[in-house]
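So the structure is just underneath, and the comments pick up after that.
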């Protein structure tokens with residue numbers, strides 16, 4: 001096992017979450033991400049493409065992560081376009097779309113891609129929950145204020161980073177990655 | 001001026017509109033598009049990237065087109081993600097988001113990119129209008145049923161292809177391209 005993994009991302013919140021999880025097992029280094037995500041409906045496709053593109057650019061082992069909120073009643077919207085939809089419609093837009101809809105089930109999905117000269121491996125995590133009636137909490141980022149994980153009555157944005165990291169989609173994917181990385 | 005231009009697109013409706021406009025001036029040939037659009041907030045960026053990518057793949061002169069519906073009150077949503085939003089939220093989702101909003105102004109924008117071994121040129125067209133109260137008409141494609149161009153009281157989807165092509169964003173961009181193409 002090597003001692004350092006570079007994370008290509010422009011999202012400081014994501015990096016902070018991964019950093020918290022990496023503990024002494026691995027040292028994470030953030031590399032600012034060039035804007036190069038493809039438009040695709042699956043996180044896997046996006047992550048695979050980003051990993052290969054960044055690897056051909058940087059030439060060192062790296063991980064990329066992409067995640068999205070998939071709302072069942074909205075046919076998976078906003079899905080892989082979570083970032084753009086957050087910036088335009090924001091939490092209020094999603095709540096308006098969900099107005100009067102009984103099925104509020106939603107899934108937060110995360111895919112982490114690790115690439116080095118010998119391999120490209122994907123690791124996945126997901127957490128089931130529902131869309132709350134209003135935005136609550138100011139921690140986290142993205143759509144955290146409207147996502148309430150199953151078994152909880154508070155949103156992701158009402159949880160400390162440590163608490164969110166116990167259950168989140170991203171932490172699950174990252175732990176999968178760590179298990180793999182310890183062996184190579 | 002050469003006699004043939006290849007259009008890289010997987011959208012048959014777009015191709016039909018361009019074909020109708022090309023007349024005897026230029027023969028258009030459709031090349032099915034690999035899925036390779038980047039996620040970016042500007043059509044220009046997407047078109048530039050697609051054009052360069054496809055040119056390095058196909059090695060012949062080609063055009064690509066990207067377009068989007070930008071709704072002022074929704075901070076430009078759905079913008080470059082029009083295709084995905086159509087498939088998930090559809091017209092009804094946009095109408096729900098616009099519920100109770102007085103400012104219904106919207107712009108349809110189109111960017112066409114032409115690339116050959118010597119140049120990459122972008123051509124733009126746009127048309128102002130507003131979001132109707134309901135979806136009307138079954139012609140056209142995408143969000144045509146909810147877009148009413150300024151000076152009209154029918155939607156794009158209630159117009160024949162010829163009528164839409166007189167005023168549409170895409171036809172404006174394509175006519176710009178034709179003027180340029182006749183000279184090279």
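Backbone N, Cα and C atoms are what each Cβ position is placed from, and that goes for glycine too.
Model, not experiment: these values are computed from the prediction.
Copied over from TrEMBL, here are the features:
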BINDING   A:9, A:10, A:11, A:12, A:13, A:14, A:67, A:141, A:142, A:143, A:144, A:164, A:169, A:170  substrate binding site
BINDING   A:37, A:66  Mg(2+) binding site
ACT_SITE  A:66  active site, proton acceptor
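Looking only at Cα atoms, residue A:37 (Mg(2+) binding site) sits nearest to A:11 among the binding-site residues A:11, A:13, A:142, A:144, A:169.
Comment: substrate site residues A:9, A:10, A:11, A:12, A:13, A:14, A:67, A:141, A:142, A:143, A:144, A:164, A:169, A:170; largest CA to CA distance 21 Å, whole number. In sequence order, the binding-site residues near chain B (CB to CB under 8 A) are A:37, out of A:9, A:11, A:37, A:66, A:67. Residue A:66 (Mg(2+) binding site) falls within a strand segment according to DSSP. Under the DSSP three-state reduction, residue A:9 (substrate binding site) is assigned to coil, being neither helix nor strand.
Each of the binding-site residues A:13, A:169 was scored by the other Cβ atoms within 10 Å of its Cβ; the lowest score goes to A:13. The binding-site residues in question are A:66, A:144, and the one with the fewest Cβ neighbours inside 10 Å is A:144. Here the C-alpha separation of residue A:144 (substrate binding site) and residue A:66 (Mg(2+) binding site) works out to 15 Å. Other Cβ atoms within 10 Å of the Cβ of residue A:142 (substrate binding site), summed over all protein chains shown, number 22. Residue A:169 (substrate binding site) falls within a helical segment according to DSSP.
The least crowded of the binding-site residues A:9, A:11, A:67, judged by other CB atoms within 10 A of its own CB, is A:11.
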